[in-house]
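Asks: Have a look at this one.
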Amino acid sequence: MSFANTSSTFEDKMCEGNRTAMASPQLLPLVVVLSSISLVTVGLNLLVLYAVHSERKLHTVGNLYIVSLSVADLIVGAVVMPMNILYLIMTKWSLGRPLCLFWLSMDYVASTASIFSVFILCIDRYRSVQQPLRYLRYRTKTRASATILGAWFFSFLWVIPILGWHHFMPPAPELREDKCETDFYNVTWFKIMTAIINFYLPTLLMLWFYVKIYKAVRRHCQHRQLTNGSLPSFSELKLRSDDTKEGAKKPGRESPWGVLKRPSRDPSVGLDQKSTSEDPKMTSPTVFSQEGERETRPCFRLDIMQKQSVAEGDVRGSKANDQALSQPKMDEQSLNTCRRISETSEDQTLVDQQSFSRTTDSDTSIEPGPGRVKSRSGSNSGLDYIKITWKRLRSHSRQYVSGLHLNRERKAAKQLGFIMAAFILCWIPYFIFFMVIAFCKSCCSEPMHMFTIWLGYINSTLNPLIYPLCNENFKKTFKKILHIRS
């Protein structure tokens with residue numbers, strides 16, 4: 001890893017003694033394997049960068065952090081790994097001090113940028129889950145880019161001690177020109193401090209963030225289950241609409257739910273069929289005004305049937321009044337209310353029209369003559385029912401949008417979990433060994449140290465493989481670029 005540096009493999013005298021023995025033809029198979037890992041790392045990270053650049057679906061704020069991580073991994077695979085292999089097969093560093101400092105700078109900067117990229121990615125996922133509405137206003141590409149630039153800026157601060165350590169501290173007395181190592185390679189306190197700040201502290205914070213993310217997603221899932229248990233789903237509304245139709249045909253049966261219809265499929269209920277528009281989305285229901293005139297009003301349909309009782313002022317139950325009735329019976333009176341409501345939620349507009357139909361008993365007569373008390377209770381009840389139904393629809397719309405958001409965050413949390421798991425498993429062995437060497441120089445084991453270093457480098461190879469496993473858009477784009485048929 002950057003903080004001890006690849007060349008720290010040969011920092012200690014005990015490790016240096018093993019270095020010459022490793023430079024032999026027997027290293028050829030190892031060099032081939034390590035070179036293959038380097039090439040695969042470069043190829044996969046270039047594939048990720050090209051996929052994000054070419055596919056518009058991947059142009060998201062969250063993927064900007066993935067791009068930052070891929071750039072850091074690309075530097076590791078294209079610069080750090082090859083020069084590590086080159087130094088492994090050489091008996092001494094013969095490429096000059098400037099190239100050595102360049103390699104050390106790339107090692108430290110790229111490795112630190114990789115850690116910080118995972119860290120800010122974790123913070124982004126954490127805020128998206130914990131504060132979805134508040135953070136949504138601030139989660140822009142500009143702010144994400146500024147955060148990424150800040151992470152890379154702090155990573156580039158490593159250049160100061162690498163190039164200018166001798167300006168602040170006296171140079172190491174044992175520094176040799178035939179070795180590629182930093183001026184602070186033997187400063188234990190500085191190495192421990194940088195390891196804590198650049199690895200242990202961010203890793204602990206990431207683990208804490210991820211625990212919070214896991215609990216938040218789990219809490220949202222439980223809340224959604226409880227909400228779905230108390231309110232009907234859209235499919236339940238459709239099933240209950242069928243029950244409402246049957247209730248309208250059978251006297252004495254009441255249905256508490258409205259009928260939610262698709263205008264292009266279901267016929268209207270309680271409306272004059274001749275007045276229906278040919279447009280599958282628009283209808284022209286018949287409306288009876290207070291003066292008894294017949295009107296036609298265009299509107300979008302959302303038919304709601306509810307059986308209402310006839311007001312006492314409209315019913316004359318006595319036999320004398322029945323005999324005095326001079327006009328024919330009116331078996332059905334339709335009170336229609338059309339309302340167009342629109343609400344935008346994630347670029348989707350919900351347009352609803354609600355129609356209230358009241359049916360009287362066939363044996364009930366209504367007297368239109370003078371002195372008749374006209375009750376408006378049916379109309380008021382219809383409007384109240386429209387408000388209740390609208391609240392239900394609005395609640396379901398929010399639940400649907402919340403469900404989409406929850407699914408996205410669940411997948412993002414899963415992707416972050418895999419990235420963090422690979423990161424910790426690959427780098428924790430090196431840093432444990434690094435801390436041991438810092439306190440016990442005689443404990444250096446050359447093969448083990450090299451193994452932990454390259455295990456950390458392999459993390460840059462694994463990251464591009466994690467993205468398509470956890471993101472369907474990445475998977476489809478990779479298949480499209482590589483011409484792989486599903």
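Including glycine, each Cβ sits where the backbone N, Cα and C put it.
Pasting the feature list from Swiss-Prot:
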{"type": "TOPO_DOM", "residues": "1-29", "note": "topological domain 'Extracellular'"}
{"type": "TOPO_DOM", "residues": "51-64", "note": "topological domain 'Cytoplasmic'"}
{"type": "TOPO_DOM", "residues": "90-97", "note": "topological domain 'Extracellular'"}
{"type": "DISULFID", "residues": "C100-C180", "note": "disulfide bond"}
{"type": "BINDING", "residues": "D107, T112, N198, Y430", "note": "histamine binding site"}
{"type": "TOPO_DOM", "residues": "124-144", "note": "topological domain 'Cytoplasmic'"}
{"type": "MOD_RES", "residues": "T140", "note": "phosphothreonine"}
{"type": "MOD_RES", "residues": "T142", "note": "phosphothreonine"}
{"type": "TOPO_DOM", "residues": "165-188", "note": "topological domain 'Extracellular'"}
{"type": "TOPO_DOM", "residues": "212-415", "note": "topological domain 'Cytoplasmic'"}
{"type": "TOPO_DOM", "residues": "440-445", "note": "topological domain 'Extracellular'"}
{"type": "DISULFID", "residues": "C440-C443", "note": "disulfide bond"}
{"type": "TOPO_DOM", "residues": "469-486", "note": "topological domain 'Cytoplasmic'"}
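Any idea what these are sitting next to in the structure?
Replies: Mapped onto DSSP helix, strand and coil, the topological domain 'Cytoplasmic' (51-64) counts 11 helix, 0 strand, 3 coil.
A mean pLDDT of 83 is what the model gives for the topological domain 'Extracellular' (90-97).
Its own atom aside, the Cβ of C180 (disulfide bond) has 24 Cβ atoms within 10 angstroms in the protein chains shown.
DSSP assigns T140 (phosphothreonine) to coil in the three-state reduction, placing it in neither a helix nor a strand. Over all protein chains present, the Cβ of T140 (phosphothreonine) has 11 other Cβ atoms lying within 10 Å.
For T142 (phosphothreonine), other Cβ atoms within 10 Å of its Cβ number 8.
Taking Cβ-Cβ distances under 8 Å and a sequence separation of 6 or more, the neighbours of C443 (disulfide bond) in its chain are V436, I437. In the three-state DSSP scheme, C443 (disulfide bond) is classed as helix.
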Asks: Please report how many Å separate the Cα atom of T112 (histamine binding site) from that of C100 (disulfide bond), as a whole number.
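Replies: So the Cα of C100 (disulfide bond) lies 18 Å away from that of T112 (histamine binding site).
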Asks: What are the DSSP helix/strand/coil residue counts across the topological domain 'Cytoplasmic' (469-486)?
Replies: 13 helix, 0 strand, 5 coil
Asks: Rounded to a whole number, how many Å is the Cα of Y430 (histamine binding site) away from the Cα of T140 (phosphothreonine)?
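Replies: Answer for this pair: 36 Å between alpha carbons.
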Asks: Going by DSSP, how much of the topological domain 'Extracellular' (90-97) is helix, how much is strand and how much is coil, in residues?
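Replies: Per-class counts: 1 helix, 0 strand, 7 coil.
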Asks: Report, as numbers and ranges, every residue of the chain located at least six residues beyond the topological domain 'Cytoplasmic' (469-486) whose Cβ falls under 8 Å of a Cβ in that stretch; write 'none' if there are none.
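Replies: Contacts of the topological domain 'Cytoplasmic' (469-486) (Cβ under 8 Å, skipping residues fewer than 6 from its ends): 47-48, 50-51, 54-55, 57-58, 411, 414-415, 418.
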Asks: Measuring Cα to Cα, tell me the gap between N198 (histamine binding site) and T142 (phosphothreonine) in whole angstrom.
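Replies: So the Cα of T142 (phosphothreonine) lies 25 Å away from that of N198 (histamine binding site).
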Asks: Kindly assign D107 (histamine binding site) to one of the three DSSP-derived states: helix, strand or coil.
Replies: helix
Asks: Between the Cα atoms of C440 (disulfide bond) and C180 (disulfide bond), find the distance and write it as a whole number of Å.
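Replies: On Cα coordinates alone, these residues lie 22 Å apart.
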